[in-house]
Amino acid sequence: MISLRNFKNFIVDTVGLMVHGSRLYYAWVGFLLLLIAVGGIAYLNQLNSGLIVTSMRDQVSWGFYIGNFTFLVGVAAASIMLVIPAYIYDWAPIKEITILGEMLAVTALIMCLGFVMVDIGRPDRFWHIMPLVGRLNWPQSMLAWDVIVLNLYLLLNWFVVTYLLFSSYVEKHYNKKIVLPLVLLSIPMAVSIHTVTAYLYNGLASRPFWNSAILAPRFLASAFCSGPAVLLILLQVLRRTTRLKITDAAIFKIAELMAYTMGFNLFLTAAESFKELYSGTEHMVYFQYLLFGLEKNGVHYNTLVPFAWASIITGFIAFLLFLIPKTRMNWTTLNIGCVLIYASVYIEKGMGLIIPGLTPDALGEIYVYRPSFTEVAVAAGIFSLGALVFTVMLKAAVPMMLGEFTITRGRKASEPVEADPIQA
Amino acid sequence: MMDHQPMHPQDDGGGASACGSRREFLGTAVAAVATALTGCGKLSKEEFLQHNFRELSKDEIQTIIARLESEYKAKYGKTVKVNNEAAMPGVIFGYALDLSRCIGCRRCVHACVKENNQSRDPEIQWIRVLEMDKEEGVNLQHAEQYYNPEEVPREGHFYMPVQCQQCKKPPCVKVCPVGATWKEKDGIVVVDYNWCIGCRYCMAACPYGARHFNWGEPTMKSADVNPETHYLGNRPRPKGVVEKCTFCIQRTRKGLYPACVEICPTGSRKFGNLLDAKSEIRQVLENKRVFKFKEDLNTQPTFFYFYGV
């Protein structure tokens, strides 16, 4: 039965599942908590001293935090790479695992909001940006749009995940009339979060590197490479460590879709590079800084060059590995490909997007930005927080997805004394 | 501009006192959390709950100004006056800078810092002077801000000071997610330092590098504090917010010249009312060939450059 009382039990049981586990589970959670603590201490220091403990300055006013934010919006959007084959093409093997994509989206969005929170100078004024309570400059500001769509997408995914698990917990089949429209809605929503995030940069005429019409398409194409790469590795881990049934066919199908998006992503990158480099206007300096470095007053600035090429080369190798059926269906080469494409997009949509957008700065100055220890520690803390959220979500979700843990069976099995199935 | 309607302060009737006290309690609790977030333990409940400047009533503004003045008194040990002078009717300020006269001495830069209570360490400068190659013309890839010769002007170079261009279509105002920055009736783009969340989107949007962030706690010696301040201008700023040139709003709204105009030893800087046909700025616009910096971006600056000789 779907009732408030059962929902309370569901929450209690979910928390119960999250806090009880094997030694390995505790060790992993403990490790993540430790990293979160390190990030937390670094963040407290940043709160005390101000953002001056980062390497950001007026010239490069956004850096590692916003780079990670942008990358993670892509990961969040990528869950629809599971939804589309599952629900649009009604492809059963993937349908059972779409909830994993939704949980990944929730996790990625929590990290996104974390990166925004640590980047703002006045986190105590967070309420100013909250719709209705604060004073949202909507529809003018793209950041106002982003606040809205990111939070809606977070709520949507959170609701679907909770609803599916709760249905399974109370031993009822989920109501298709509720789930299907929401899942279908998540497709345009996922496109919108990454499009709006791209527009955030795209709309700034002051930064020619971002002021390109194909920025949003490039965001989407790269997101549909990196997000599924995380999922592919995750699915393999899960089918080894849990009793979840994830077929080879499901994994290879996602890999095949990724081959298309990776090819498209490389094509868009090439199109952008051609336009900038061949026309060679003054707007080329940012691309030049990224790919070849710049020389000014006898000093050669080439901090980004090795990263930029690493991104292009790993992206290209990954594309080949995914394109050729033989290497795509080989677990070793498939996983190498996943790691390579993840690295490629992490560079491209993180530092490779933000830093050349701001260097040289609006007055032509070259400020060499490298993240400070604080920025790396805080980022590690946020990634660990994400990993922790995902871990505990999986910990509770997997037995429920499998139908092993329900309101009757679960309570009996784990807490036989308190269990009262008759009332439930 | 899509401004929201001002929020009216709730008029508490007699029966609403319980509600008021609950709200007060909630406010205090939330403010305590927020204080922890600022990490400095100085945030008062009033400051935390303060609304956007444009939504405040006259009385609220007076209360806030009194609070700020007492804070500044405690911090700097002297009386700092925070004024709230509104834009004069019939005035839109305009600025013109003579590139053929400027010698790059940076007196304007330092006069600005002194006048406008910028942080001294790290020092924030609202005016950046670019040294350019005469052969290259206005080419930012050949601009140098950190020139330091024995004597200026250097052979073969000219100088181009850049500060807020007070655009008619300011991209910084458009992008601000919380409406913490806006264009006043006299054309000055201002920032509400008590509303800015420090996201720095405006800095990314500004094509002129005119916006500056308080990366650390701004520092100023008590003796250096200019006690004549404006709420939207040169009052001492907190950490973590953006600031910018306001054409010395605290001076110009009283009919004085901006500090940079007054100090310039070469008379390169012209300032006045664009709506007054007899003003010096209008004379420049009519008689000299002027250009706008990065005109192609259509930000429509009210700050012009010209070659006077």
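Glycine is no exception: its Cβ is also placed from the backbone N, Cα and C atoms.
Any TrEMBL annotation is an automated prediction that lacks curation.
The transmembrane segment annotation in TrEMBL covers A:24-44 (among others).
Taken from TrEMBL, the feature transmembrane segment covers A:64-88 (among others).
Per TrEMBL, transmembrane segment is recorded for A:100-122 (among others). Distant neighbours of the transmembrane segment (A:100-122): 43, 46, 50-51, 62, 65-66, 68-69, 72-73, 75-83, 150, 153-154, 157-158, 160-161, 186, 190, 227, 230-231, 234-235, 238, 378-379, 382-383, 385-386, 389-390, 393-394, 397; these residues of the same chain sit at least 6 beyond its ends, with a Cβ under 8 Å from one of its Cβ atoms.
TrEMBL lists A:142-166 (among others) with the feature transmembrane segment.
Under the heading transmembrane segment, TrEMBL lists A:178-199 (among others).
Marked as transmembrane segment by TrEMBL: A:219-238 (among others). Below 8 angstroms of C-beta separation, residues 70-71, 73-79, 81-82, 97, 100-101, 104, 108, 191, 194-195, 197-198, 244, 246, 250-251, 254-255, 257-258, 261-262, 264-265, 268, 315, 318, 331, 334-335, 337-339, 341-342, 344-346, 348-349, 394, 398 of the same chain, each at least six residues beyond the ends of the transmembrane segment (A:219-238), sit close to that stretch.
Among the features that TrEMBL reports, transmembrane segment is placed at A:250-271 (among others). Outside the transmembrane segment (A:250-271), and at least 6 residues removed from its termini, the chain residues within Cβ reach (under 8 Å) are 81-82, 85, 91, 93-94, 97, 214, 217-218, 221-222, 224-225, 228-229, 231-232, 235-236, 312, 315-316, 318-319, 322-323, 328-329, 334, 337, 341, 345, 348.
For the transmembrane segment (A:304-324), the list of distant contacts is 225, 255-256, 258-259, 262-263, 265-266, 269, 289-293, 333-334, 336-338, 340-341, 343-345, 347-348, 351-352, 355-356: same-chain residues at least six beyond its ends, Cβ to Cβ under 8 Å. According to TrEMBL, the transmembrane segment annotation covers A:304-324 (among others).
Sequence-distant contacts of the transmembrane segment (A:336-358) (same chain, at least 6 residues past either end, Cβ-Cβ under 8 Å): 59-64, 66-68, 70-71, 74, 201, 207, 209-210, 219, 222-223, 225-226, 229-230, 232-233, 255, 258, 262, 265, 269, 286-287, 289-290, 304, 307-308, 310-312, 314-315, 317-319, 321-322, 327-328, 369. Annotated transmembrane segment per TrEMBL: A:336-358 (among others), in sequence order.
A Cβ distance under 8 Å defines the sequence-distant neighbours of the transmembrane segment (A:378-402), meaning residues of its chain 6+ beyond its ends; these are 13-15, 17-18, 21, 25, 28-29, 32-33, 35-40, 42-43, 46, 64-65, 68, 72, 96, 99, 103-104, 106-108, 110-111, 114-115, 118, 161, 165, 168-169, 238, 242-244, 371, 410. Residues or ranges marked as transmembrane segment in TrEMBL: A:378-402 (among others).
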Which residues of the same chain, at least 6 past either end of the transmembrane segment (A:178-199), have a Cβ under 8 Å from a Cβ in it? 70, 73-74, 76-80, 83-84, 87-88, 98, 102, 105, 142, 145-146, 149-150, 152-153, 156-157, 159-160, 163-164, 215-216, 218-220, 223
Intrachain neighbours beyond the transmembrane segment (A:142-166), with Cβ under 8 angstroms and 6 or more residues off its ends: 2, 6-7, 10, 14, 73, 76, 79, 99, 102-103, 105-106, 109-110, 112-113, 129-131, 136, 174, 178-179, 182-183, 185-186, 189-190, 192-193, 196-197, 199-200, 203, 393, 396-397, 400-401
